[in-house]
Amino acid sequence: ILKTLNSWFWWENIWMPVNVTWAHFVDRDGLVFPKPHQLYATIPYAIVLLIIRFFSERYVAIPLAKALGIKNVRRVKPQPNPVLESYFRECSKHPSQSEIQGLAKKCNCTVRLVEKWFRRRRNLEIPTVLRKFQEAFWRFSFYLTSSIAGFIFLYDKPWFYDIWQTWVGYPFQTLLPSQYWYYMAEISFYWSLLFTLGIDNKRKADFLAHVVHHLAAIGLMSGSWCGNYVRLGTLVMFVHDTADFWLEAAKMFNYAHWEKTCNMLFVIFSIAFFITRIILFPFWILRATLYQPTYYSTTPVIAYFLFNGQLLILQGLHLYWGYLIFKILRRFIFLK
């Protein structure tokens with residue numbers, strides 16, 4: 001069954017233009033092509049990123065937080081109590097007064113001690129400001145680094161200025177070393193975020209949304225790698241990262257209560273978001289993925305519909321997030 005599913009997944013009519021097979025994607029005559037098995041390397045690369053994250057959060061983020069006036073608040077742990085712990089996990093984190101009285105009798109202690117235990121136990125679930133700062137610092141560091149690296153990798157490429165160049169010579173476009181490392185870093189970063197979702201700042205209602213988002217990002221980048229849509233893929237990654245580090249910077253200063261700096265950074269983020277996600281992405285990237293392939297080929301492959309479907313869903317998310325950002329900006333400007 002697995003062999004059959006594998007053959008279906010790699011069916012050439014899904015990925016390749018007419019009269020092109022996987023045999024054509026063998027390195028030759030100076031041409032180097034992306035290979036699906038290279039994506040396995042993103043797992044160990046993700047572990048390397050986790051190690052870098054550990055040291056950067058510990059030895060850079062914490063001193064920076066202290067310099068900005070963020071204190072490390074130590075939470076007092078409640079006394080170990082299996083009965084209360086079981087009730088906290090399985091029944092309710094906010095028991096009613098009658099439930100507290102019942103638990104007090106069951107544990108042979110006072111009502112006040114039970115209330116104090118639940119209060120301290122709930123506090124352990126709330127991440128400290130320092131922990132939030134550390135996570136924002138790590139994401140800020142990666143997005144800033146990837147934005148700078150992306151610009152260095154792309155600024156001298158013809159397809160950075162003329163989007164039509166993304167399709168010239170497709171699918172026989174050679175893979176550049178810069179494109180390889182750009183992809184490996186981005187996919188590895190999302191793997192690392194996926195690995196740490198369980199221990200990072202708990203996001204309650206949108207925990208599942210983050211899992212789906214990270215998996216979708218990995219799937220979209222991995223698929224574009226396999227289909228050799230690398231030129232367009234690097235442009236998509238660059239367009240997204242250039243707004244994100246402004247948001248993480250605003251969060252960091254928000255945790256430090258630098259309100260004016262936070263507000264200024266959020267306004268810059270909003271401008272960058274609307275330029276990159278509401279203008280450039282649909283009118284530059286989507287134009288290249290939806291319209292231009294039909295100019296070069298009258299028989300689009302199945303991957304054309306799969307990838308464009310995902311990109312259109314992504315644009316729908318951009319519009320939704322843009323609406324939320326606009327509401328915040330309106331309140332900020334008119335309601336102070």
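Along the chain as shown, residues are numbered 1 onward.
Note that Cβ sites are derived from N, Cα and C of the backbone, with glycine treated the same way.
For reference, TrEMBL has these:
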{"type": "DNA_BIND", "residues": "86-123", "note": "DNA-binding region"}
{"type": "DOMAIN", "residues": "84-122", "note": "domain 'Homeobox'"}
{"type": "DOMAIN", "residues": "131-334", "note": "domain 'TLC'"}
{"type": "TRANSMEM", "residues": "39-56", "note": "transmembrane segment"}
{"type": "TRANSMEM", "residues": "136-155", "note": "transmembrane segment"}
{"type": "TRANSMEM", "residues": "180-199", "note": "transmembrane segment"}
{"type": "TRANSMEM", "residues": "262-285", "note": "transmembrane segment"}
{"type": "TRANSMEM", "residues": "305-326", "note": "transmembrane segment"}
Taking the transmembrane segment (39-56) as the reference, which of 136-155, 180-199, 262-285, 305-326 gives the largest number of Cβ pairs under 8 angstroms?
180-199
What same-chain residues lie close to the transmembrane segment (262-285): Cβ under 8 Å, and 6 or more beyond its ends?
163, 232, 235-236, 239-240, 242-243, 246-247, 249-251, 253-254, 311, 314-315, 318-319, 321-322, 325, 328-329, 332
Counts of helix, strand and coil residues, the domain 'Homeobox' (84-122), according to DSSP
30 helix, 0 strand, 9 coil
